[in-house]
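Peer 1: Dropping the structure in here first, questions after.
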Amino acid sequence: MPVITLPDGSQRVFANPVSTMDVAADIGPGLAKACIAGRVNGELKDACDLIHEDASLSIITARDEEGLEILRHSCAHLLGHAIKQLWPQTKMAIGPVIDNGFYYDVDLEHKLTADDIAALEKRMLELAKTDYDVVKRVVSWQEARDTFEGRGESYKMAILDENIAKDATPALYHHEEYTDMCRGPHVPNMRFCHHFKLMSVAGAYWRGDSNNKMLQRIYGTAWGDKKALNTHLARLEEAAKRDHRKIGKQLDLYHMQEEAPGMVFWHNDGWSIFRELETFIRHKLSEYDYQEVKGPFMMDRVLWERSGHWDKYADAMFTTASENREYAIKPMNCPGHVQIFNQGLKSYRDLPLRMAEFGCCHRNEPSGSLHGLMRVRGFTQDDAHIFCTEEQVQEEVSACIRMVYDTYSTFGFENIVVKLSTRPEKRIGDDDMWDRAESALIEALNANGIAFEILPGEGAFYGPKIEFTLHDCLDRAWQCGTVQLDYALPGRLGATYVAEDNARQTPVMIHRAILGSLERFIGILIEEYAGRFPAWLAPVQAVVMNITDKQADYVEELVKFFKEQGIRASQDLRNEKIGFKIREHTLRRVPYLLVVGDQEMENREIAVRTRDGKDLGKMSIDAFVASVKEQISHRSLKLLEE
């Protein structure tokens, strides 16, 4: 007689083993209709799985995050059902859940086109709308293998042979004539899988190994209702409009080319943004009492072996040789900073020592993973390393947290998710050291009033870590900032200081990044602002346009004066109609459009418009300059009179 305890503490007693669906039906028909799965004693189970003993139970519906993941996974199986009907020779590989959707890797000689994807989606919807039941069967390893061997599913056979023990009992999910294998759970009926869309198809190697066959990966998105699906599709449409690669080309910010894959060619206006970011971060470094250093791009392999990076990152490092010595271009700055720390005897009085660098790093990322500014091979990190005593860790981490939030708020990012990764199973040091380290990070977060999620076991072997993930205007997550404790690298590279008792001690090292990669952060900003940078960041802050040739000298005089006042200004003296000029510079997202005619020239004024079309009227030159300079100095996100 299992006693089932529900989330509200109420209990229901059953005479025989009972499923989650049975419990839902016992509560009411509405809940039974909405039931997708159950969380039994904390573990997700199919709605049909029997509960034999007393248990706690949460009933999962499409409104729950777990329910959404389950229906997405079932949509991947639905894709398999449909593609096998349209192209029976297809061999199915893997079909996992991803953010907002799913994909399925398939082996099909026919190269799928956009029309094929549309036909596949149509067949999926036709099948789903029959609201057929999904039937689960738990079988022996041999029966599962025989099932897939009989269907010619070589990839499923490989998964069984290589990844599943022979004494295991795999679960097979039957979608009418189609059968798939999965840990589950899955929806009990396809009525839950009506709101999806296939998005794209791309190439993907089996098991991610370029030595294996290239498969076709079909991506889809799925949601619990039509409104949520349409909201997501609208968000994707807006994201496409904001694509930094498209806007970067429109605004002539940068380009990339085949001869330097993953490397950025910064054009004048893009480099202006880059330098402005550097200037801003330098102000922060000064405010928080950092030194700025510069290390070499390339160092001997011996150093990378001592640091431990050669063992872990060799495949991602660009290397070269000279005079019988092997060198690696740095993928990160930390070993170089330890070398600077090691120059000269350090005392406890010198700590904390905060060392920052705009370090130019290179990593040999796979060519298929490169994506505009978001995933590159050459990048600049706003990297810093703090050498301190263990007693100073909490205070230093707390300052890092304040610096992160100060910085992000300047750009308008207020929705920041913080995660603390704690000790992994394989780690250096004893439990006391990890207790102190984790407590220091937790206390620093609490002291700053920061809500955070703990990720047990996700820390590095050498110390716990805080990650800062910002959410943009489209609610996309971008992991940028990190604060990582390191109890290993200083010792590996011989860093010591003289403690108060004159003994040599190894400092704790705090790795700290705020923007992360400047290139990537600029990509994020382009998409966040849709190219409409706040005035302080905009490559051109004001453009002055004449109506006739009579005002040309006055325009040139104004531009010269603006530049002297620290305003990035340009002029447009072309023999074009003023409306044409205004439209063109509006499309280039210039914050202020200044028009000069005879009257403005006579009165030593300018007619001021914003790129949003707001007419600010006529202003004196001094009033405009004073207002814009104040706006720039405060790094305001808004234009005048917004």
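Cβ from N, Cα, C; glycine included.
Per Swiss-Prot, the features are:
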- 1-61: domain 'TGS' (DOMAIN)
- 243-534: region 'Catalytic' (REGION)
- Cys334, His385, His511: Zn(2+) binding site (BINDING)
Peer 1: I'd like the per-state residue tally for the domain 'TGS' (1-61) from DSSP, helix first, then strand, then coil.
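Peer 2: Its residues divide into 14 helix, 24 strand, 23 coil.
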Peer 1: Of all the binding-site residues given, His385, His511, which residue's CB has the most CB neighbours within 10 A?
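Peer 2: Top count of Cβ atoms within 10 Å goes to His385.
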Peer 1: If you take the centroid of the Cβ atoms of Cys334, His385, His511, the listed Zn(2+) site, which other residues of that chain have their Cβ within 8 Å of it?
Peer 2: Met332, Asn333, His337, Asp383, Ala384, Gln484, Asp486, Leu489, Met509, Ile510, Arg512
Peer 1: Quick one: give me the count of other CB atoms within 10 A of the CB of Cys334 (Zn(2+) binding site).
Peer 2: 23
Peer 1: How does the model score the domain 'TGS' (1-61) in terms of mean pLDDT?
Peer 2: 94
